[in-house]
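S.K.: The structure's right below; bear with me while I get my questions together.
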Amino acid sequence: MSFFFIDLGPMNRSASHTVTEFVLLGFPGCWKIQIFLFSLFLMIYILTLLGNGAIICAVRCDPRLHTPMYFLLGNFAFLEIWYVSSTVPNMLANILSKTKAISFSGCFLQFYFFFSLGTTECLFLAVMAYDRYLAICRPLHYPTIMTGRLCSTLVSLCWLIGFLGYPVPIFFISQLPFCGSNIIDHFLCDMDPLMALSCAPATITETIFYAQSSLVLFLTIMYIFRSYTLLLRAVFQVPSAAGRRKAFSTCGSHLVVVSLFYGTVMVMYVSPTYGIPTLMQKIVTLVYSVMTPLFNPLIYSLRNKDMKLALRNVLFGMRIGKNL
């Protein structure tokens, strides 16, 4: 059995030299395991692109889905494509690489996009919870409140806040001296591994970064829980069993996505990670950064009759077009 060797050239740096690139160790294992991981992650990436792309096509092509809920869902699917693309392509290239190196600027660029897109996802989930709250708790006022203009404004704010929140703290982190080891025992450039390689303490920068991340997480999840508490109270007051089932079906998919995403993210960025094994940290990061974007199309389409019908029409239309 031949083993997967890493070129240690860029790792053996003198402490007096400034780091110009980092080495992402990724997942350990022999060559056969690396090929298996490459095939697995490539398949997951392709399925994620196809699943979320199908939702975008369905929302655009089916007039019945031209509603605020599906407008948000289509934008959320677009976000998931970018979110998974911020990590997986580099991870795939890294698996096949002998050096496993990523440039200094490339590492911090990935760091920026990964956190900005993650923050945007938190905000999107909160906006989607607000949409469901209005639709079920205030159905008569829903069409006048959740207009197309308001939807566009909320979506724009999610993207703007997500991408304008991290340039400054990440810039200051990039200015820290990295003069020792350049080995990151992870498959992406993340906060803890990068801070561990810094030669100088940056307590204020680190505190601001984690405070900002924790604030986004707690504010959005508290709003989501509040919305769903009021929503569930309204659902239980629906007189017909069919009405209750429809309401639960609409909201259940969103709750599954929220639980899966927030549960794993809070393990990594809210609770202390010092006692968690490195391999477990990689797996948890893999769940919310790679697996969640894969599951979202399945969760939303399998639990939604309108979406299933629209996807069927899109796929059927594509088949007819090929036959013609």
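Backbone N, Cα and C define each Cβ position, glycine as well.
From a predicted model like this one, the values you see are computed outputs, not experimental measurements.
What TrEMBL records for this protein is below:
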- 51-300: domain 'G-protein coupled receptors family 1 profile' (DOMAIN)
- 35-58: transmembrane segment (TRANSMEM)
- 70-88: transmembrane segment (TRANSMEM)
- 108-130: transmembrane segment (TRANSMEM)
- 150-172: transmembrane segment (TRANSMEM)
- 215-236: transmembrane segment (TRANSMEM)
- 248-271: transmembrane segment (TRANSMEM)
- 283-302: transmembrane segment (TRANSMEM)
S.K.: Could you tell me the mean pLDDT the prediction assigns to the domain 'G-protein coupled receptors family 1 profile' (51-300)?
M.R.: 88
S.K.: As a test: from 70-88, 215-236, 283-302, pick the stretch that has the greatest number of Cβ pairs under 8 Å with the transmembrane segment (150-172).
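M.R.: Highest pair count goes to 70-88.
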